[in-house]
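Shown next, in structure tokens, is the structure this report addresses.
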Amino acid sequence: MAIKSDRWIREMSEKHGMIEPYAENQVRFDKNGEKLISYGVSSYGYDVRCAREFKVFTNVHSAIVDPKNFDEKSFIDIESDVCIIPPNSFALARTIEYFRIPRNVLTVCLGKSTYARCGIIVNVTPLEPEWEGHVTLEFSNTTNLPARIYAGEGVAQMLFFESDEICETSYKDRGGKYQGQTGVTLPKT
């Protein structure tokens, strides 16, 4: 299994729609010249952006967090350019980018150090072969202070690993429950 380069990412995105929308360079400034947390293709990965759609965890209903029976009322929906995550809490968001993962590729997501150095951890499970959709992002604020997430800017990096052989059964083949997801998707069983 080998990690894929910027050339491969560019070709797969431009010719096969692997990443849409796709930024062919690292974008570090907005149209007004203001600094951004970078996004776009890098040497061996692709930095994704966070959309304006957030679900921030709240315990106002004193619910028990149960992945088998998740209560949607545990979140407050926010649409904004900035999301404030309360201390020691978390939020869900989604990528602006829509992904179509090839059958012989596994994609791993890592948080950007800009956020990690502030105590904000990004978690995403691997994008399996032939999975497609917007990626649901999980942000954990590990600090005892409120934390800010910026929509439209880089939040995580995707690394693409191509296998030497095609998998027998892809995510699409087994009818994965998150296949084709759009928007922020809550836990399913």
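Quick reminder: no glycine exception, Cβ is built from N, Cα and C everywhere.
Because the structure is a prediction, the values reported are computed rather than measured.
Feature annotations, courtesy of Swiss-Prot:
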- K112, S113, T114, Y115, A116, R117, T136, L137, E138, Q157, Y171, Q181: dCTP binding site (BINDING)
- E138: active site, proton donor/acceptor (ACT_SITE)
Which residue, out of the binding-site residues T114, T136, shows the minimum number of other Cβ atoms inside 10 Å of its Cβ in this structure?
T114
So which one is it: of the binding-site residues K112, A116, which has the fewest other Cβ atoms within 10 Å?
A116
Got a sec? Which of these binding-site residues, E138, Y171, has the most Cβ atoms within 10 Å?
Y171
What three-state class does DSSP give K112 (dCTP binding site)?
coil
